[in-house]
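What follows is a short report on a single structure.
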Amino acid sequence: MMKKAVVLLSGGLDSATCLAIARSQGFESYCLSFNYGQRHCAELVAADRVVKALGAAEHRVLNFGLAQFGGSALTDTNIAVPTEGVQPGIPVTYVPARNTIMLSLALAWAEVLGSRDIFVGVNAVDYSGYPDCRPEYIAAFETMANLATKAGVEGHKLSIHAPLIDLSKAEIIRTGAALGVDYSLTVSCYQADEQGRACGVCDSCRLRAEGFAAAGLADPTLYRA
């Protein structure tokens, strides 16, 4: 019997690669995507495309309203998405507690499924300063997961897999390409339009374009202009 894993899938480049890795490691993948009030909801359409291309045992989309709080350029249209290039520090595109909420919901589903493994595509090398994309955060969440769940208390260790955490964007792209990921299906842009066309100037677009250039592969991203 295949081991079950819950895979967080945004529809972007990193999470698509993460799904491909989970499947290559023999996991039966249960994908979890989120509509949290993000302005770039085209990524949810992309997540569906990725699941259909790579395969998954199940794909669910959950709703939670972080737009009610705002506080991020991704959930509050009154805050502009930075376009001047990646800057030091934590950017306004950081969404407070987003990854913690997503991982907690993944943890709940994993327990119900009897899964001991959760995959998340966070990255600490080419990231834009997000505190919840660091190795320390992933390690701390895994510790919490094993303290706070029936499975963990009963001795069934839960593992949070972050296979991209130490990879550059170019290395992520090469890894995914080797596993058959079609990156034209993915959407990374923070302000993609309804057709999934990218702006080309936000931090996420810049990191993606630089990654493809460094990987020596053609960038299949669809840009608005």
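Quick reminder: no glycine exception, Cβ is built from N, Cα and C everywhere.
Here is what Swiss-Prot records for this protein:
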{"type": "BINDING", "residues": "Leu9, Ser10, Gly11, Gly12, Leu13, Asp14, Ser15, Ala16, Thr17, Cys18, Leu19", "note": "ATP binding site"}
{"type": "BINDING", "residues": "Cys189, Cys199, Cys202, Cys205", "note": "Zn(2+) binding site"}
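A map of Swiss-Prot features onto the structure.
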residue	record	contacts (Cβ under 8 Å, 6+ apart)
Leu9	ATP binding site	Ser15, Ala16, Cys18, Leu19, Cys31, Leu32, Ser33, Ala47, Val50, Val51, His59
Gly11	ATP binding site	Ser33, Ala42, Glu43, Leu44, Val45, Ala46, Ala47, Asp48, Arg49, Val50, Thr186, Val187
Leu13	ATP binding site	Lys169, Ile172, Ile173, Gly176, Tyr183, Thr186, Ser188, Arg208, Gly211
Thr17	ATP binding site	Gly121, Leu164, Ile172, Ile173, Thr175, Gly176, Leu179, Val181
Cys189	Zn(2+) binding site	His40, Arg197, Ala198, Cys199, Gly200, Cys202, Ser204, Cys205, Thr221
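A simple way to gauge crowding: the CB of Leu19 (ATP binding site) has 30 other CB atoms within 10 angstroms, across all the protein chains here.
Of the listed binding-site residues Cys199, Cys202, Cys205, the Cβ environment within 10 Å is emptiest of other Cβ atoms at Cys199. Its Cβ placed at the centre, Ser15 (ATP binding site) has 26 other Cβ atoms within 10 Å. Excluding Cys189, Cys199, Cys202, Cys205, which define the Zn(2+) site, the same chain contributes Val81, Thr83, Ser188, Tyr190, Gln191, Ala192, Ala198, Gly200, Val201, Asp203, Ser204, Arg206 within 8 Å (Cβ to the Cβ centroid), listed in sequence order. Within 8 A of the CB centroid of the ATP site residues Leu9, Ser10, Gly11, Gly12, Leu13, Asp14, Ser15, Ala16, Thr17, Cys18, Leu19, the other residues of that chain are Ala47, Val50, Gly121, Thr186. Mapped onto three states, the DSSP output places Cys189 (Zn(2+) binding site) in coil.
Look at Cys202 (Zn(2+) binding site): DSSP puts it in coil.
The secondary structure of Leu9 (ATP binding site), as reduced to three states from DSSP, is coil rather than helix or strand.
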